[in-house]
Amino acid sequence: MNALLFNSTLVIYAVVTAVYLVYLLKPTESLGKTGLWLTMAGFLVHCGFTLNRFLDAGHTPITNLHESLSFFSLSVVGIFLLLERRYKISILGSFMMPLALLIMAISASFSTVIPPLNPALKSKWLAVHTIMAFLGYAAFAISFGVSIMYLIQSHFLKTRRLGSMFQKLPSLDILDDISYRCLTFGFPLLTFAIISGAIWAETAWGTYWSWDPKETWSLITWFIYAALLHGRLTTGWRGRKAAMLSIFGFVIMLFTFLGVNLLLPGLHSYK
Amino acid sequence: MNIIVVGLSHKTAAVEIREKVAFSPTQMEKPLNALVALPDITEAVIVSTCNRVEIYATTRDVAGGMARLKRFLADYHNVPLETLEKHLYSHHGEEATRHVFRVASSLDSMVVGEPQILGQIKTSYGYAAEFKSSGIILNRFLHKAFSVAKRVRTETKIASSAVSVAFAAVELAKKIFGELTDKTVLLIGAGEMCELAAKHFINVGVRGVMVTNRTYERAEKLAEEFDAKPVHFEALMDHLPKADIILSSTGAPHFIIHQKDMEDVLRRRKLKPMFFIDIAVPRDIDPKVNDVENCYLYTVDDLNGVVATNLEQRKIEAAKAEAIVEQEIGQFFKWLSSLDVTPTIVALRSHFDEIRKAELAKTLSNWKDLPPGAEKKMDALTNAIMNKLLHHPTSLLKRTDQGSRNDLYVDALRHLFDLETGEQQESMMELED
């Protein structure tokens, strides 16, 4: 059942990605609608998978890379659907859904068996800490995608290449706005994830902060986004500069999430 | 019944001719009444805009009707027919239908795809409906034209892109700023194109306009016209950070806005994007300003390029629209031909006769001990009743002196006795929306 739901999600996201990529080349209203409906269907199946996994495992299914990547992807799709509802910009899907698919594909490459729960993770903090962290990551991922859209649109405007993709991409102002909103949504989540992690670490390992690689890199990620938001509020970093910083922040965040788990041994290396 | 159109447009006549034969919208009753009073003209609609004057009418006699309309146009406006004749076009039947569909869909407009023409035809039709000069045929003819125009608008992108420099500037600004309601426009210098663009920005509701000029008095004068704020030219750099959209067209021989100043200006406005439109020749704004972060500079050539691309795009869309028009012509003609009197009478008779024969056969088959010859007599009796019943409606339909009422009767008969075909029901439904 687990495998069926997971694979169905993967297949639907693959189809959605194909639909949205065709939309990028030839934007028609019906393609955009098809993409949206398929995404909703995929999201429901994905929710079904997560719920099923939760029931099978008996705890929040975010304990290894397979599970957490899947939940990361689920959060990206969820936030994308909320944004699509609010802004009605189909072309967002052309940038978000390939990302969601990629994350799912990486998730598929890791072992899908439900391992016995690591004793250190047996805590009510598991749900709070991981869900906040991954919702935050997802918000940053969306900000990353929208920032790429910003750079593309800004490039079109600067070089006066005003084709059909330019027409379909929203205004710079809206892209900047969505990116900023995602950051203001993601940043508090990351902050609380770090704080809740520290509290949890105190109860589990007896110390709030042990400069474990994950902790260090989380802090670096936090500082980058803090700087970005601070710069925006005070000196008004916006537009291209903000977009590039958001992309940079996302790359660092990815390293915090994946790089640390796979490359740097430490307390957080759950595979 | 035939539909004819006689008229002239920007394609056949210069404005000096067009203005001579234009009809005043406040006095439509008189010409419309005069038209339907003409012999052989049963219905009439006048379309009169600054780009075209056309009379649509229905008649039994195509050649005679056209000649009458031409004569009417000349006489009504006291223009000799000889001078008018060479500018006039006339179409009938399918050509007339194609013509009105194309006009309503803005395929015959000076700027293909411009949206005003449909409203103008609707208004013209409104007069004809008000003064009862249009009847069942022109009613449906024009409603069909409206629905074709609507289809063209929704199924093609014929009107979706800007085809004037001023509009292109507004569209681009929207791609940068989204909503323009909280944006400020700065007008540097004066010039026709610049002022036109400023008007477009005011129309979409920008928050404020500033005007500057080397001579402050001229800035003040222009500011009054736009309800804008005049600023001193020397203080340009102080005001630049407050402006989001800058329209520049001064006669300066050198750049007045330089790249090196822009870094500072952008910093002072917290890097909020700026959109420069340089309409001046020689240029006012250093092209390197476009390289400054969050600054977007378009010259008049760039905007002309945008317009040219959009016009190309419209041509492609226009071809799609023509295909829609062709498709709809066929549909309309199926309905129009159903209004012919003779086939309607034949259909009505055969409809009655079928019922008579069926009922007669039913009665006779149940009737035993029928006296000899009774069968023939029954047949004659029922036939006589049917003929009596049909006599008056048939002779009324065959009369030719009652104008558009004839078509009304035919249409009503087809509905009352269900003599119609599938297409007609469909077109009736279209009429309703």
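Here the Cβ of each residue, glycine as well, is placed from N, Cα and C on the backbone.
Annotation comment: TrEMBL describes A:63-268 as domain 'Cytochrome c assembly protein'.
A Cβ distance under 8 Å defines the sequence-distant neighbours of the transmembrane segment (A:6-24), meaning residues of its chain 6+ beyond its ends; these are 31-32, 34-35, 38-39, 41-42, 45-46, 49, 70, 73, 77, 90-91, 93-94, 97-98, 100-101, 104-105, 108, 112, 165. Taken from TrEMBL, the feature transmembrane segment applies to A:6-24 (among others).
Residues or ranges marked as transmembrane segment by TrEMBL: A:67-83 (among others). Long-range Cβ contacts of the transmembrane segment (A:67-83) within its own chain (Cβ-Cβ under 8 Å, at least 6 residues beyond either end) map to 6, 13, 39-40, 42-43, 46-47, 49-50, 53, 61, 89, 92-93, 96-97, 99-101, 103-104, 106-107, 110, 130-131, 134-135, 137-139, 141-142, 178, 182, 257, 270.
Per TrEMBL, the feature transmembrane segment maps to A:95-114 (among others). Counting residues 6+ beyond its ends, the transmembrane segment (A:95-114) has Cβ neighbours under 8 Å at 2-3, 6, 9-10, 13-14, 16-17, 20-21, 35, 39, 53, 56-57, 64-67, 69-70, 72-73, 76-77, 80, 141-142, 144-146, 148-149, 271 in the same chain.
The transmembrane segment annotation in TrEMBL covers A:134-157 (among others).
Look at TrEMBL and you will find A:178-201 (among others) tagged as transmembrane segment.
Under the heading transmembrane segment, TrEMBL lists A:216-233 (among others).
For A:245-264 (among others), the entry in TrEMBL reads transmembrane segment. Distant neighbours of the transmembrane segment (A:245-264): 65, 68, 72, 137, 140-141, 143-144, 147-148, 151, 179, 183, 213-214, 217-218, 220-221, 224-225, 227-228, 231, 237, 270-271; these residues of the same chain sit at least 6 beyond its ends, with a Cβ under 8 Å from one of its Cβ atoms.
For the domain 'Cytochrome c assembly protein' (A:63-268), the predicted model reports an average pLDDT of 89.
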